[in-house]
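J.: According to TrEMBL:
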{"type": "DOMAIN", "residues": "45-333", "note": "domain 'Sugar phosphate transporter'"}
{"type": "TRANSMEM", "residues": "46-63", "note": "transmembrane segment"}
{"type": "TRANSMEM", "residues": "75-94", "note": "transmembrane segment"}
{"type": "TRANSMEM", "residues": "162-181", "note": "transmembrane segment"}
{"type": "TRANSMEM", "residues": "187-206", "note": "transmembrane segment"}
{"type": "TRANSMEM", "residues": "218-237", "note": "transmembrane segment"}
{"type": "TRANSMEM", "residues": "296-314", "note": "transmembrane segment"}
{"type": "TRANSMEM", "residues": "320-340", "note": "transmembrane segment"}
């Protein structure tokens, strides 16, 4: 009995503090060990998304400029980009490579203003690329954060802390410096990039306001957006350029460039859809701030690659303006994150 009592006392006595702490730490160690591979896998996946996004975007911009140099009809070029994306996604849904979206009439109604803004932004950017160097278009498009803040302030009545406004100064100043020192400045090209910035800001606002609670997102959301934009753009492309102009221009391009001109058109159309698809898919994996920083780095990649491939002359002061503008977008993203995070989170 005594022995039994001693055994019972030992079983009931509390573990020493060190042993208890060690026992409590073990589940945390196991959880940490399990989380580490998952975290590493997620980082690797994000890295693949970014590398793919940047590579596809660079390839698209190079082929897009090649096409526009030989076939200066941005309305048809824009139309073909949207048509290629629509065809790819319809084929993906038909073969069940991707699950088709459950989109009702309310979804399409909410999507319509987003698609209108997307169409305007897409065409305006293509018009800009047809008139000026790829690098210049992207320098001006790096000013989109300034449009985002100003539109939100004056159209939506949002108020921002002073540091947010100050962070826009290098963006605006850098874009202005790059514009006034651009050797091959063209007003149509400049205005195209500016209109594209404004349209894409409104696209984001309409998307934020109208698409809350909608079940379609990511890849399928962009597919639906492309299809509606294609329908919107088609009659305007016919009116602005038309089949006769396209036929004559196409024949001249094939004579001047050769049969591989057709490959250029196909490549720019397919890669336009792919880079946008990957960017929308990446939004499901990363924060808006990370996406913003990635977008800044993407522009740097496109600008550098286009200057190397097309050998555009760049003055030192022009390069300085570009660097200030692009660095300004990075500063802006950091300020927004730390001073007014709800603004970027909402987007």
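Cβ atoms are placed via backbone N, Cα and C, with glycine included.
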J.: At an 8 Å Cβ cut-off, counting only pairs 6 or more apart in sequence, do the transmembrane segment (162-181) and the transmembrane segment (296-314) clear the bar of 3 or more pairs?
T.: no
J.: What else in the chain is close to the transmembrane segment (75-94), if you only count residues 6 or more beyond its ends and a Cβ gap under 8 Å?
T.: 64, 67-68, 100, 122-123, 126, 130, 219-220, 222-223, 226-227, 229-230, 233-234, 236-237, 240-241, 246, 265-266, 268-270, 272-273, 276-277
